[in-house]
Every structure is written in C-alpha cells, then in structure tokens.
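Take a look at the structure below.
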C-alpha cells in the first residue's frame with residue numbers, strides 16, 4: 001500500500017527541496033553567524049594591523065582585531081606556538097587568514113550552516129588565489145606543527161590547544177607536503193586553491209591594499225550571480241516536476 005502514497009511523498013520532498021534552496025538569498029555584504037562576528041558589516045575605523053584593510057566595511061570589531069593578533073588570543077584560546085615558536089613570516093599568514101575569517105563581508109557565496117556549539121555558520125571551499133596559498137606554504141614549511149587538520153583533535157584539557165598524545169612535532173612540510181594540502185586541509189576545506197591569480201576577479205585574496213579598494217567585492221558578486229543563475233535553472237526544472245507530481249496526486253485522489 002505504500003506505493004499509493006508515493007506521489008504525495010515525492011511532492012512533499014520536492015517542495016522541501018525547493019524551499020531549502022531559497023533559504024539563503026543574501027550572498028553579498030553579509031556576516032557569518034559565528035562566535036565573534038557582528039550581525040551586519042559596517043565601518044570600523046580602528047581595526048588593528050593586518051585587519052586594517054577591512055576598516056571601511058567589516059564583520060569584526062576593533063577589539064576582535066586586536067585580540068586575534070596575540071600569540072594565544074582569548075578569541076579561541078588557540079596557540080600558534082604549540083610546537084615551538086612559529087616563524088614571524090609564517091604567523092603573518094595565519095593572522096591574515098583569521099582577519100579574513102572574522103572581518104570579511106564578502107564570503108556569502110561560500111557560507112554553509114553547521115551545528116557547532118560556537119558557531120552556526122562557516123565558509124566552505126572559498127576559492128583562494130593560488131599565489132596566496134603558495135606564499136603561505138613557502139613561508140611556513142620550516143615552522144613546526146603536530147597535526148594536519150587544526151579544526152579538531154586537539155588536547156584542550158588545559159584550556160589551550162596542545163598536541164594530542166602520540167602526535168609528533170614536525171615541519172609543516174611533513175604534514176602539508178604541498179601548498180594545496182596546507183590551504184585545503186588545515187581548516188577542513190574552508191579554502192579551495194583556485195587556478196586564478198590575484199587581481200583576476202575570480203579568486204579571494206587573503207589580504208589586500210585597501211587604498212586600491214577591496215578586490216573581494218567583485219569576486220563575491222561574480223560567484224553570487226553564478227549561484228543565482230544555477231538556482232534559477234534548478235527551480236525552473238523543479239517547477240515542471242512539481243506540476244507533474246501535482247497532476248499525479250490529483251489523479252490518485254480521484255482514484
């Protein structure tokens with residue numbers, strides 16, 4: 001008898017799918033729903049050091065930008081120097097990475113919902129400009145770490161991240177043999193290394209000279225437009241399927 005209910009079940013599934021596809025329509029000039037983010041982007045004249053490029057329009061506050069520059073900040077109690085002192089050139093990339101995460105209002109096309117205690121959203125597969133990834137890896141490959149994924153698996157018993165039992169401190173190059181291994185694996189695929197270069201308008205720059213404007217605005221617009229086109233095509237196809245299922249349901253009810 002279950003088969004008799006199939007048209008109704010399929011109709012409900014399609015409606016739910018279509019509605020979920022329309023849930024998040026704001027892809028431009030948005031902030032993630034996360035631990036330290038503002039609800040809406042806006043000017044922050046006193047953003048600190050590496051976060052200063054976002055001062056005209058930021059999702060972070062000045063105090064957040066100050067705190068994230070510390071070796072062990074109170075934002076997440078994360079210690080960059082968990083395997084000895086990280087090279088300054090290497091740490092600079094991690095601070096810029098954190099500034100991008102906390103401050104950028106241009107990551108909307110890649111925001112995904114997550115079920116985590118400290119945030120409800122994250123970004124996934126942000127197309128990072130290939131030079132940014134290459135320089136990050138080159139400046140860090142002689143620094144040391146004990147893990148290839150920094151999102152999980154730490155020993156937090158002291159309140160600060162420490163290497164888990166049995167994890168050996170080795171060079172970054174040992175844990176991340178290629179630039180892509182670092183940029184894509186470090187934060188569980190928050191980034192995806194792009195084939196595009198800085199200034200192309202097709203990849204996100206981790207850092208930029210604000211005097212020249214924010215190049216990531218153009219990148220976000222491009223990918224948001226592409227996503228809207230794809231969503232429109234999907235909804236157009238779904239509309240035909242819904243009509244067919246509605247007719248099937250009507251015949252089923254009459255029968």
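Using the three backbone atoms N, Cα and C, a Cβ is placed for every residue, glycine included.
Among 63, 65, 190, 194, the residue that Swiss-Prot places alongside 97, 101, 118, 119, 120, 121, 122, 151, 152, 153, 154, 155, 156 at the folate binding site is 190.
If you measure from the Cα atom of residue 60 (disulfide bond) to that of residue 97 (folate binding site), you get 13 Å. The distance from the Cα of residue 97 (folate binding site) to the Cα of residue 51 (disulfide bond) comes to 10 Å. Candidate binding-site residues: 118, 120, 122, 152, 156. Nearest to residue 90 (disulfide bond) by Cα distance: 152. Note: residue 156 (folate binding site) has non-local neighbours 77, 162, i.e. same-chain residues 6+ apart with C-beta under 8 A of its own C-beta.
When the record's folate-binding residues 97, 101, 118, 119, 120, 121, 122, 151, 152, 153, 154, 155, 156, 190 are compared pairwise by CA position, the greatest distance found is 24 Å.
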